[in-house]
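Residues annotated as domain 'Flavodoxin-like fold' in TrEMBL: 1-202. The feature FMN binding site is assigned by TrEMBL to Ser9, Ser15, Ala16, Ser17, Met97, Trp98, Asn99, Phe100.
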Amino acid sequence: MRLLNIVSSPRGPASASVAVAEAFIDAYRKARPGLEVDTLDVWNEDLPEFDSLAIGAKYKQVSKARLTGYELSVWARIETLARRFKEADRILLGVPMWNFGYPYKLKQLIDLVSQRGRLFSFDGVAYGPLLEIPRALVVHVRGQSVDEGADASNPGFAHQADYIQFWLKFIGVREVRSLTVEHTWDARAPATIEQARARAAEMAADF
């Protein structure tokens, strides 16, 4: 069993999403002896820029044009990243909310690996997933919450979770489970995080 653990917070031990994910991993190791954990930390990985040259190389491949040495090197790195998804049996993803979205380095990873012929297919009519991963767990961490009595004009934060779920299902994750951790910026943070760690450990039992 191989778990791809995607870390999108740069805060290390101070990160709530990392703390909850680690509690899950500790419990999952006990439930799955021999578990392999591949940690993909978007802040420590050498992620190539998905710039004009990389995008140009992408379209060259579509048209079967010859790539330059630089373009080949960029795509070799993209292939290596995509391969880590292909080799995974499960995915764990910690997502802190940044400005009502997600860390930009996570979006960079998504843009790099979400390539036709790597993680999804397209036959000119319809898209299809290329992964066959039974389930993923996404840990959503937010400093605040839309509590009862809050400003009614606040639309909530569902859009953040919806996008991540859509992307995971698009590439081939059949079931996306989620654990939401809120109030990590106020006095409730220690208790909230500990409760989430306990819940994460419980969720590892049948993952």
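Just so you know, glycine gets a Cβ as well, placed from its N, Cα and C.
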DSSP output for Ser9 (FMN binding site) maps to coil
How would DSSP class Trp98 (FMN binding site) in three states? strand
Name the secondary structure element type, per DSSP in three states, that contains Ser15 (FMN binding site). coil
Go through Ser15, Asn99, the listed binding-site residues, and name the one with the sparsest Cβ surroundings, counting other Cβ atoms within 10 Å. Asn99
Within the domain 'Flavodoxin-like fold' (1-202) only, compute the mean pLDDT. 91
All-chain count of other Cβ atoms within 10 Å of Ser17 (FMN binding site): 26
Top of the binding-site residues Trp98, Phe100 by count of other CB atoms within 10 A is Trp98
Going along the chain, which residues six or more apart from Ser9 (FMN binding site) have their CB under 8 A from its CB? Ser15, Ala16, Ser17, Val18, Trp43, Gly94, Pro96, Pro103, Val141
Greatest Cα separation in angstrom, residues Ser9, Ser15, Ala16, Ser17, Met97, Trp98, Asn99, Phe100 binding FMN per the record, works out to 17
Name the residues of the same chain, 6+ apart in sequence, whose Cβ is under 8 Å from the Cβ of Met97 (FMN binding site)? His140, Val141, Arg142, Gly143, Phe157, Gln160
